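A.B. asks: TrEMBL feature annotations, pasted as is:
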SIGNAL    1-16  signal peptide
DOMAIN    21-247  domain 'Laminin N-terminal'
DOMAIN    313-375  domain 'Laminin EGF-like'
DISULFID  343-352  disulfide bond
DOMAIN    376-427  domain 'Laminin EGF-like'
DISULFID  398-407  disulfide bond
DISULFID  428-440  disulfide bond
DOMAIN    428-481  domain 'Laminin EGF-like'
DISULFID  430-447  disulfide bond
DISULFID  449-458  disulfide bond
DOMAIN    484-524  domain 'Laminin EGF-like'
DISULFID  498-507  disulfide bond
DISULFID  525-537  disulfide bond
DOMAIN    525-571  domain 'Laminin EGF-like'
DISULFID  527-544  disulfide bond
DISULFID  546-555  disulfide bond
COILED    812-885  coiled coil
COILED    912-1001  coiled coil
COILED    1030-1078  coiled coil
COILED    1105-1142  coiled coil
């Protein structure tokens, strides 16, 4: 009973096999073939198609032939590949067909595992050469892991035979030779032992050489068999046992594989699951990548004394995942490469450390809290950064043409706020002629237009007006109402739309190409249409209106200076005008001369001599005196005229026609002579004055006189100009009097009518009700308003809440009071939101602590369960070995007695009652533990609801702030905002209450988890001393088994010695009989010695017979003792059967307890 309790207690011990906190850790190993026998296949198996006979040596120089029939895999004669599993019974093995070579055993896992060692237990004859290969890509490619051969140079030439020094090498292991070719041999392959000489840490060796998705044993050379006479022995491959010891491949990031579901809890075929229970913040089937929020460093496999744990990204509690960015990692000096993804709570940036566009930092919170960012009041259209605020001040950065606190208004002179406009707003572009200013409407861009202008920029005249070229005003079209279709005209030309039979700009004339009175009759113009302007002819007189370059009464000739034929009449070249000008001057001179030269009867008409005389006289005067500078010009001019006159005379002298008699030519010459004489006199007087003058400043006096004359001339011009202005002013005054006389009377009449109308209307009472909430019922006009005030006086109480307010002024006062109320409530709500955010943050931290504690407890439970499974397996093996040892007839009885006595005398380190008490205590703790998973699952929606409510509160607050800045529909919005704030305050209070309850629940869970952890540690501490006793029992059982094997070998040897002694005895008896016969027939000389010899032999035989008899008697006594011990063993076996049942029940209870503890995990 004690041994069963000891085994059960040891099976409940929970200790981690490997500490993952200090470096690389690895799961415990198991046989990967268990539960996966269907994945193991052989290229050759005997008896699949029919029975085959195999002959092997039997004893010495004998042969034994046995059949192989694998058509029924469960038959006794079947030798399928599934027989190599460790769970197969004794005398079971796999066997290939006779003489088939090579043969391959292939194990396809289809998942990545870590190989610890491969165990092959061959049944003779052992292969002479084989290769162990592995695949890491599900069988797409294979690489040799180890070569094995009795002669490596012959079997695998070129493959090294020494252990590799690097991890990329392999080698051939030399198999030992045996004298017994059919001797069973055990071959073990371990990647770590193979690379003992390689200078690399074990973690690197495991990482590079132990991973595999498939394993293949390729046997390339059959084993040698002895040659016996007769039928030859069979050559084949046979394998008794194959164990693929390994675990899930976790790259050093896990110390256990997640358990696989299995049916029988006490079965040995617990399958090793490929899924790792990942640590170091890694995930994946093989812990091959970092968890979603732990990608701040690149993933690496763990090493000794370095976990290479994945580092959590710094996302300020605003993201659930991140990614690794190599460029960011290199830029940070290889310290941080995580880039957060899916930032929440209105944050953005590689570390969720910035507020998203449209949000700004909350001055009352921290960046790692859910309310770190609040909505910006900046306009996204008017800011340069899409609505973001300045981090430090929260102010808005407006675009160039935008202003206001929120950057939501165009500057003066700009309009059309748009997000797509890089400047924000566009310039107004008002027309300087048609607009009263350069400022337009900031929304529509409409400029304030002058009278008779319209359009967005006031650049178009109104209906009935047009703008003449170079004019700044719109003029009335002036269309004749009876001769035009409407009062509108063309905006550029002013042309009215005339009725048929009328034309002209105002439709008061005849149509084009006609003239006359349109109300009487219009006559067609007698003009060439190609040479006239659009009007063709004058509407009154019918004179043709020739276009430039055309002349003639019908406008059908080219003007002088236009050299081409009609109707082209293009302008002549510049040289033509030069020659024509010279011709005109000559013609003019000739006309004057012809008119002045009289006809001289009988004369030749040559006046050249007289002109020459005049020139000579002038020259003589000029040369005879020295002229002062002030008198030179008149004389030079006269001389120049004479010279020019002579030249012209010479040029045309030959071209002159016959001299026409001119009666007054002589008188003209006389006048010219008189002029010359007067000039000579004036010259003489001036000369005398110059000669008699002694004042050197006469030239200055002359200049003064000249300037005075110039000033006098300018003054005269100004007087003339002023006279013109006075005349214009007089004319304007007269026009104004005329207009006043026409308009004044009408204005006085209209004013009187307006005064009469304003005494009766409009009634201002309805407007006063809408504006100031007036209660007046009597009518009130601008000129007559009696019986009380139009609006309530100052100090009137405002509208109360819930009453129907009338009038814009009371509504605005009420709205102002509501705005102040909402503002106060918003401030209180902001403070309460900050408090709620802090509570939510504390609850989140408590939740994380509870989750971590639950995870730790869960990990301990998992480790306890794994340890329990391993100890159960070991316990089953010990019990099995103990049963085999006690039930084996060949076991040493003395050793059996020693083992039984040790078990009976063994003392537990604690009593059974104490162990049961501790287990009961642990059971009660497990039963009373709250369902932390349910609590956390219940907490998650509550936390999410609280976060959602907090976010809704922030949005509502931001919306209210936006409403405060927007006065449109203020009353309705304030009413809805008031209801929303009340509902929001209620929901926020509910959220805070729910958060408080959740915090209390989590605290209770946290407090209840601590005793469970302590109780588990106490039980583990109590069970530790029991493990040493189990080790002692195991060692004692091992010694007993070894001694039993030795006793069996000694017994076999004794049997062989007894058989040999019996044979010697028979031989001796035969020789004795022969000698006896010889003694009877022999001579007398030899009788003495022979008789002596016979006597000695007889004595020896007697002694030998006595000895044999004594031995037989002793064996008979021993037989009785053996029979007695055998009976005792059978009795103890019966007891063990009962205890085995109890042990199974106890193990089942322990497993149930483990499941209960496991259900408490998070």
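Keep in mind that glycine also has a Cβ here, set from the backbone N, Cα and C atoms.
Please treat TrEMBL annotations as automatic predictions, because they have not gone through curation.
How buried are these features, and what lies next to them?
C.D. replies: Sorting each residue of the domain 'Laminin EGF-like' (313-375) by its DSSP state yields 6 helix, 18 strand, 39 coil.
For residue 352 (disulfide bond), the same-chain residues that are 6 or more apart in sequence and have a Cβ closer than 8 Å to its Cβ are 315, 316, 318, 319, 340, 343, 344.
Predicted-model confidence for the domain 'Laminin EGF-like' (376-427) is 87, expressed as mean pLDDT.
Neighbour list (residue 398 (disulfide bond), Cβ cut-off 8 Å, at least 6 residues apart, same chain): 382, 383, 384, 404, 407, 424.
Its Cβ taken as reference, residue 428 (disulfide bond) is surrounded by 23 other Cβ atoms within 10 Å in the chains shown.
Listed in sequence order, 437, 438, 439, 440, 447, 448, 457, 458 are the same-chain residues six or more apart from residue 430 (disulfide bond) with CB atoms under 8 A from its CB.
Of all Cβ atoms in the shown protein chains, 22 besides its own fall within 10 Å of the Cβ of residue 458 (disulfide bond).
Only residues 6 or more beyond the boundaries of the domain 'Laminin EGF-like' (484-524), in the same chain, are considered here, and those with a CB under 8 A from a CB of the stretch are 460-461, 463-464, 466-469, 475, 477-478, 534-542.
Cβ neighbours within 10 Å of residue 507 (disulfide bond), excluding its own Cβ and spanning all shown chains: 25.
Taking all protein chains in view, 25 other C-beta atoms sit within 10 angstroms of the C-beta of residue 544 (disulfide bond).
For residue 546 (disulfide bond), the same-chain residues that are 6 or more apart in sequence and have a Cβ closer than 8 Å to its Cβ are 531, 532, 533, 552, 555.
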A.B. asks: Near residue 544 (disulfide bond), which of the disulfide-bonded residues 507, 525, 537 can be found within 10 Å, Cα to Cα?
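C.D. replies: For residue 544 (disulfide bond), the disulfide-bonded residues whose Cα atoms are within 10 Å come to 525, 537.
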A.B. asks: Spatial neighbours of residue 527 (disulfide bond) among the disulfide-bonded residues 428, 449, 498, 507, 537, defined as Cα within 10 A: which are they?
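C.D. replies: Taking 428, 449, 498, 507, 537 one by one, the ones whose Cα falls within 10 Å of residue 527 (disulfide bond) are 537.
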A.B. asks: C-alpha of residue 449 (disulfide bond) to C-alpha of residue 507 (disulfide bond): distance in Å?
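C.D. replies: The Cα atom of residue 449 (disulfide bond) is 29 Å away from the Cα atom of residue 507 (disulfide bond).
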A.B. asks: Would you mind ranking the disulfide-bonded residues 449, 525, 537 by how many other Cβ atoms sit within 10 Å of each Cβ and giving me the lowest?
C.D. replies: 449
A.B. asks: Check the disulfide-bonded residues 440, 498 for other C-beta atoms within 10 angstroms of each C-beta and report the one with the most.
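C.D. replies: When each Cβ's neighbours within 10 Å are tallied, 440 tops the list.
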A.B. asks: Roughly how many Å separate the Cα of residue 537 (disulfide bond) from that of residue 498 (disulfide bond), to the nearest whole number?
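C.D. replies: On Cα coordinates alone, these residues lie 18 Å apart.
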A.B. asks: So which one is it: of the disulfide-bonded residues 407, 447, which has the fewest other Cβ atoms within 10 Å?
C.D. replies: 407
